[in-house]
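Enquirer: Feature table excerpt (Swiss-Prot):
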REGION    61-151  region 'Disordered'
COMPBIAS  61-71  compositional bias 'Basic and acidic residues'
MOD_RES   SER77  phosphoserine
REGION    94-412  region 'Interaction with Nef'
REGION    252-283  region 'Disordered'
MOD_RES   SER284  phosphoserine
REGION    351-367  region 'Interaction with Shigella flexneri ipah9.8'
MOD_RES   SER403  phosphoserine
REGION    431-588  region 'Required for inhibitory activity of TNF-induced NF-kappa-B activation'
MOD_RES   SER442  phosphoserine
REGION    452-510  region 'Ubiquitin-binding domain (UBD)'
MOD_RES   ARG599  omega-N-methylarginine
REGION    603-636  region 'Disordered'
COMPBIAS  623-636  compositional bias 'Basic and acidic residues'
MOD_RES   SER627  phosphoserine
Amino acid sequence: MEGRGPYRIYDPGGSVPSGEASAAFERLVKENSRLKEKMQGIKMLGELLEESQMEATRLRQKAEELVKDNELLPPPSPSLGSFDPLAELTGKDSNVTASPTAPACPSDKPAPVQKPPSSGTSSEFEVVTPEEQNSPESSSHANAMALGPLPREDGNLMLHLQRLETTLSVCAEEPDHGQLFTHLGRMALEFNRLASKVHKNEQRTSILQTLCEQLRKENEALKAKLDKGLEQRDQAAERLREENLELKKLLMSNGNKEGASGRPGSPKMEGTGKKAVAGQQQASVTAGKVPEVVALGAAEKKVKMLEQQRSELLEVNKQWDQHFRSMKQQYEQKITELRQKLADLQKQVTDLEAEREQKQRDFDRKLLLAKSKIEMEETDKEQLTAEAKELRQKVKYLQDQLSPLTRQREYQEKEIQRLNKALEEALSIQTPPSSPPTAFGSPEGAGALLRKQELVTQNELLKQQVKIFEEDFQRERSDRERMNEEKEELKKQVEKLQAQVTLSNAQLKAFKDEEKAREALRQQKRKAKASGERYHVEPHPEHLCGAYPYAYPPMPAMVPHHGFEDWSQIRYPPPPMAMEHPPPLPNSRLFHLPEYTWRLPCGGVRNPNQSSQVMDPPTARPTEPESPKNDREGPQ
């Protein structure tokens with residue numbers, strides 16, 4: 001039915017109007033094309049469902065093989081416990097039935113297939129039948145089996161970590177070092193076991209992650225195939241739609257051709273053409289009545305058969321639509337549950353990892369505390385041992401020093417006793433010449449003699465002390481006098497240097513002023529030569545007042561002595577120097593100022609020969625130097 005086109009029904013006319021027959025034919029063609037599209041889509045869905053079921057069966061077989069390999073591993077010892085709750089979830093849920101493997105026959109019974117372990121990803125599809133949906137006992141039993149081992153694993157891990165904490169506390173509080181190392185060895189064994197268990201759990205986790213990644217890739221491949229099938233279905237539907245449009249166009253063109261053959265070209269001939277066609281049809285009815293009845297019966301049978309097929313296809317399509325929607329809903333629900341389970345497991349794994357890291361940090365901290373305590377005790381022990389050794393050496397050294405001192409003391413005591421005896425004998429033998437004869441044998445005379453000798457000795461001692469004090473006093477006096485002399489000499493040198501510095505500063509300033517005056521005079525000469533005019537040149541103030549009568553050779557700048565820096569801040573008027581003056585102009589007049597009395601920089605004694613000079617002939621400059629007395633009195 002799919003490979004052949006629509007049935008062509010020959011209608012000679014007379015029984016059914018041509019318009020109704022063409023409309024029914026078009027309806028049948030449309031229904032046929034629509035049913036073809038639905039059948040093709042249903043076929044593609046069935047093929048995709050079969051492929052997905054085959055992939056799911058293959059994945060379940062792989063998961064069962066992994067579970068068997070996991071069960072073949074040696075069981076862990078009860079003392080160690082378990083640290084991987086994910087490994088216990090791999091072989092528990094295995095009694096859930098799958099969907100039927102023949103999607104084209106919905107009346108077949110589903111066969112039970114074992115379910116793979118939950119990988120924690122959204123790529124694991126599971127077909128759930130309505131019986132399983134209505135049985136909450138099976139789902140609750142599966143969930144209980146899936147999440148059952150977690151408390152046991154957690155309890156074993158807590159027991160193992162409690163044992164480690166107990167061992168650490170005992171190790172930290174143990175005073176005996178031998179028992180301490182025993183506890184440390186036991187803790188090392190426990191850590192070795194825990195490390196092996198963690199390594200096994202990491203291997204299992206890596207296997208499960210690989211399986212989850214493989215399932216995810218296969219799920220993506222299935223999704224890609226499904227999308228590709230949907231695209232092919234859409235393309236086929238579009239192609240059938242285009243064929244339907246082409247058929248419609250052919251039918252319309254055939255109808256137009258039949259209408260055009262009955263009319264010559266004008267709209268007025270349409271009614272006459274129709275009447276002629278009706279007359280011809282009525283004439284042909286009488287001619288071929290028997291074959292017309294046979295053709296109509298065959299056409300009716302075919303129409304009934306097509307209607308029956310259409311109703312069956314609609315029913316099948318409805319059933320497949322319901323089944324597809326239910327399967328889609330079940331898959332979505334399963335994906336949601338698996339995602340929720342994956343989120344819960346990831347959260348649980350994160351909590352366990354955080355708890356393990358916290359306990360590991362606590363254990364490391366306790367271990368470091370115990371280690372630091374042991375090191376401190378060993379350091380204290382070594383320090384005490386070193387101190388004891390040092391004290392022993394010190395005691396031995398003091399004993400070695402004490403023995404000669406003891407011998408020396410004994411020797412000195414013996415010598416003192418011998419000297420006392422000799423002194424007593426000498427005192428008993430010697431008698432003073434000035435003492436009366438009655439006092440020789442009396443004890444009062446001996447005591448007076450002893451006192452006299454003591455006074456004489458004390459007097460001699462005092463004389464020697466006075467002599468020493470006198471020598472010290474004389475030495476200090478000579479040192480003081482020498483220091484005063486040096487001080488006076490230094491002060492004189494400082495005064496002389498200060499005077500020289502002051503004089504050199506004054507001369508330097510005078511030289512600067514003279515240079516400025518010469519420069520001004522040169523400028524005036526240049527101006528006079530440039531203008532060519534005669535004018536009266538005013539005399540320079542220094543020229544009128546005259547120069548300072550004393551001239552000294554220039555001296556280098558002196559650095560003041562240490563302690564007399566503030567003396568260099570005293571400024572005195574500079575001595576004016578003789579300057580070269582140009583010859584007076586012919587019409588100029590010289591004004592002679594009265595004599596000016598120059599004063600010395602200080603208020604000392606003034607030399608009458610140097611009191612004043614008149615600057616009439618400014619050619620001569622006195623060269624008599626200032627007395628050393630004035631130089632010395634200047635800075636004072």
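Placed from the backbone N, Cα and C atoms, the Cβ positions cover glycine too.
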Enquirer: Using DSSP, break the region 'Ubiquitin-binding domain (UBD)' (452-510) down into helix, strand and coil residues and give each count.
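Expert: When I sort the residues of the region 'Ubiquitin-binding domain (UBD)' (452-510) into the three classes, I find 59 helix, 0 strand, 0 coil.
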Enquirer: Which residue counts does DSSP yield for the compositional bias 'Basic and acidic residues' (61-71) in the helix, strand and coil classes, in that order?
Expert: 11 helix, 0 strand, 0 coil
Enquirer: Could you break down the residues of the region 'Interaction with Shigella flexneri ipah9.8' (351-367) into DSSP helix, strand and coil, giving a count for each?
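Expert: Split into helix, strand and coil, the region 'Interaction with Shigella flexneri ipah9.8' (351-367) gives 17 helix, 0 strand, 0 coil.
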